[in-house]
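Okay, so here's the structure we're looking at.
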Amino acid sequence: MKPPAACAGDMADAASPCSVVNDLRWDLSAQQIEERTRELIEQTKRVYDQVGTQEFEDVSYESTLKALADVEVTYTVQRNILDFPQHVSPSKDIRTASTEADKKLSEFDVEMSMREDVYQRIVWLQEKVQKDSLRPEAARYLERLIKLGRRNGLHLPRETQENIKRIKKKLSLLCIDFNKNLNEDTTFLPFTLQELGGLPEDFLNSLEKMEDGKLKVTLKYPHYFPLLKKCHVPETRRKVEEAFNCRCKEENCAILKELVTLRAQKSRLLGFHTHADYVLEMNMAKTSQTVATFLDELAQKLKPLGEQERAVILELKRAECERRGLPFDGRIRAWDMRYYMNQVEETRYCVDQNLLKEYFPVQVVTHGLLGIYQELLGLAFHHEEGASAWHEDVRLYTARDAASGEVVGKFYLDLYPREGKYGHAACFGLQPGCLRQDGSRQIAIAAMVANFTKPTADAPSLLQHDEVETYFHEFGHVMHQLCSQAEFAMFSGTHVERDFVEAPSQMLENWVWEQEPLLRMSRHYRTGSAVPRELLEKLIESRQANTGLFNLRQIVLAKVDQALHTQTDADPAEEYARLCQEILGVPATPGTNMPATFGHLAGGYDAQYYGYLWSEVYSMDMFHTRFKQEGVLNSKVGMDYRSCILRPGGSEDASAMLRRFLGRDPKQDAFLLSKGLQVGGCEPEPQVC
């Protein structure tokens, strides 16, 4: 066989001509979504058929690898147009049509991933091609396709392949239904004004009033978190916490059990002992034993800190019960946690979150945040007035490289809750930044979706400090999408190892704990005054408040995830309750089933929730080694970060990117110090007022 016709030298590099076209559209009817889904499947299948039916002697880079890469670019964009509206469209009909499209396309994805004929031709190409004739990223793409083929069992007997295909299709549908149930949940609880004691006026004014005069509290984040933090009526907190962790209890509990069973079956067919081992093969951690050791060691280090914090909380509860004439049961309940953790911030660190949020109107935060990111990463953002989107609240921005003026991408901001909308905060990649069929560069487009408190007649949207942190985090993912310069869609943006994917955006959370960035994105919504420096200093000092309990809870969630995907007979609710008691020291509320509300289990983080903590090892190392040492707003370090960490996307291993940015292998020291733990004789001392 001759060497492939299109080799390394023929492929365009990052300096390729750039196409600034936004191919996305959001005006499709439910019928059009259905029709376009069918058309997309037919068009894409034709390409796979052409690749899979070619004679082996005709297999070349152009006819096989490039053909698959090109169709992936088109397919990804068109698929996102069809399946993204299920998360954000204000129309229930559109959301339903989009969900159905996602199900059909997910089934089609499984069919295409199980094409043994295509796999055989990719293997043939690898055996015949001269390795040095491929550009490094093309070689990586070829290797990845073969790896994915083996992970789908395409080297196994046909009967086994059919079993795997059947399981994969069922898993896709179950995951879609699990998260659809949560998105469409409309549960609310009615309360009197007295039952909502302790909540600020702007919160109460934002609640819908019912015919009987009671106020309607939903289980969406802008209602749930403020109430759990500030309502001084324990019974109200109990009802809301219980309802929140009983959402979709029956239907999602059944789905979760089936998910866990099917994942285990598929993994065994592929020769893996557990689903966790199957998933982790592609991650930095590699094995479930490595993850278990990481979580166990961290839990052991954090437990003494958690015990101290529980003692403080219990004393706060005793004092409050005495002050309000309430019975004191001598125990911390699940509905007490956020309330008294908030009190720790207010009493030990003198941070009044209600006062603080008056300095974080969303427009001021947005302006400051965008300014910091532009300065740090050498970018310039421009708001596109009147751009079409899926809702009137949504804003579209263009991002350019500040030095060259070249467009690097676009991003949508969709910040406020709506009925039926995705209920958390997330970044959705909508158009991958990669090379098109003609060698020109397609710009990346992403959407940041959040659920911040909506403006009222009396006040703009005011953000809690933890919402500002969330904003910084998710926008970090947006920047990862836009700044990557991969050649292949498969490696664009955040397509890195799952236990590294959070590190770039976690690293950027540090800016909301630094004085200069905080001053730049805050201003009192009435007076326009800056945050008093004393309040700012107390906020920064409060970063380590409750760090033991917060991180022990993260370990609980990670361990639940690992348990479900290493022990198929584990009962999700029982496992969660056991770990809450053992690790956190706070029992789960009887009758609840938190895992049935845990969207990560059906949202691509199966056996990988540990990645949030694992990624922090790298995010803290990057921040303290470079930015903290050389300046948190140092644009040279920012450009190094853009070049070394964001630019490659998934075209390199994360370990190689980290070594290049840090100048050495990563270390855990900064991570442990950030958790309030002693490292080499240094122990951070939280300051109190």
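FYI, residue positions are counted from 1 along the chain as it appears here.
Just so it is clear, glycine is given a Cβ too, placed from its N, Cα and C backbone atoms.
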Annotation match for N6-acetyllysine in Swiss-Prot, from K286, K538, K628: K538
From the candidates K257, K559, the one which Swiss-Prot records as N6-acetyllysine: K257
Swiss-Prot annotation, phosphoserine - which of S16, S89: S16
Residues flanking the Zn(2+) site, with Cβ no more than 8 Å from the Cβ centroid of H473, H477, H480 and excluding those residues themselves: C427, E474, F475, G476, V478, M479, Q481, T494, E502, P504, S505, L508
Candidate recorded positions K257, Y278, H473, E474, K538, pick with smallest Cα gap to S172 (phosphoserine): K257
K257, H480, K538 as recorded positions, winner by CB count within 10 A: H480
All-chain count of other Cβ atoms within 10 Å of H477 (Zn(2+) binding site): 23
Separation of alpha carbons, K538 (N6-acetyllysine) and E474 (active site) (Å): 25
